[in-house]
Amino acid sequence: MSTLAPLRLLREPWNASEGNQSNATVGASSGWCQGLDIPNELFLALGLVSLVENLLVVTAILKNRNLHSPTYYFICCLAVSDMLVSISNLAEMLFMLLLEHGVLVMRPSIVRHMDSVIDMLICSSVVSSLSFLGVIAVDRYITIFYALRYHSIMTLQRAVVTMASIWLASTVSSTVLITYYRSNTILLCLIGFFLFMLVLMLVLYIHMFALARHHLHSISSQQKLPTAQRGGSLKGAVTLTILLGVFFICWGPFFFHLILIVTCPTNPFCTCFFSYFNLFLILIICNSVIDPLIYAFRSQELRRTLREVVTCSW
């Protein structure tokens, strides 16, 4: 089996003639261009870890009324999106393993239908996960720059409308992507969406960091505490680096893969890059594992609730 990972539809370029594609493959058939053999067990293990982590986050937020606010609802939706990434990956993995070993026997038409449904679920969860990462950045920006007006700007009704709109848009866009995945226009829209989210997060988080640094500089100059200034700036820089670094490292290779499919499907270098598709999917699943550590587990209230959930003291 060539791959057990989701989104197999985007693994290989289709906008190249058969002869050119064959020549490119022959020219890139040695050395590092052979790709990376990732054990199926790693997909399963990461999927299970992500599923448990995000399930705990959702349970804790739903359980604790103190966490019933737009900010934590957005984090909860992010956890649900990441959980769906894990569930769909595990479902497709087990589905294909059962078919491969003859445990499950189905007609080809039903297999294709099931595959499309699972791929649509994966695409929807990926798009919604990216969207909620952007929404969380916007929510944090409003919290810092419009603190006194936050509750009038980010009302519960607006938060619900935002969440419902994202889920609806994710479902529609995933359906369009699976139906017209061979269209460069669709891929360009997906690439543009990723770049928009990257720029949005970059601008908002850098602006927030600059404001925090300015306030810290003012306090330090008044109290003559240059050490505190350097320590606070360093901590803010590290947090900013982690947020943007994790986002770019986990999502960047997959979207660069899509860019190469559109721009150079027959180039030997691009063909070599395509062979590492499973690695890019592993990074996306790793992002689902890391997200709770960045956005959820840093909250003391949520950690306390998690301990209650784990110890069943509720």
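Residue 1 is the first one shown; counting continues down the chain.
Glycine residues also receive a Cβ, built from the backbone N, Cα and C atoms like all the rest.
If you look up TrEMBL, you'll see 53-295 marked as domain 'G-protein coupled receptors family 1 profile'. Here the domain 'G-protein coupled receptors family 1 profile' (53-295) returns a mean pLDDT of 82 for the predicted model.
If you look at the transmembrane segment (42-62), the same-chain residues 6 or more away from its ends with a CB under 8 A from one of its CBs are 4-5, 68, 72-73, 75-76, 79-80, 82-83, 85-87, 89-90, 93, 281-282, 285-286, 288-289, 291-292, 296-297, 302, 305-306, 309-310. What TrEMBL records for 42-62 (among others) is transmembrane segment.
Sequence annotations record features per position, and here TrEMBL assigns transmembrane segment to 74-97 (among others).
Same-chain residues lying 6+ beyond the ends of the transmembrane segment (117-138) with a Cβ under 8 Å from its Cβ atoms: 6-9, 71, 74-75, 77-78, 81-82, 84-85, 87-89, 91-92, 95, 162, 166-167, 169-171, 173-175, 177-178, 193-194, 197, 200-201, 204-205, 247, 251, 284, 287-288, 291, 295. The transmembrane segment feature in TrEMBL is assigned to 117-138 (among others).
Distant neighbours of the transmembrane segment (159-179): 9, 70, 73-74, 77, 116, 119-125, 127-128, 131-132, 135, 186, 190; these residues of the same chain sit at least 6 beyond its ends, with a Cβ under 8 Å from one of its Cβ atoms. Summarising the annotation, TrEMBL assigns transmembrane segment to 159-179 (among others).
Look at TrEMBL and you will find 185-212 (among others) tagged as transmembrane segment.
Look at TrEMBL and you will find 233-261 (among others) tagged as transmembrane segment.
Marked as transmembrane segment by TrEMBL: 273-297 (among others).
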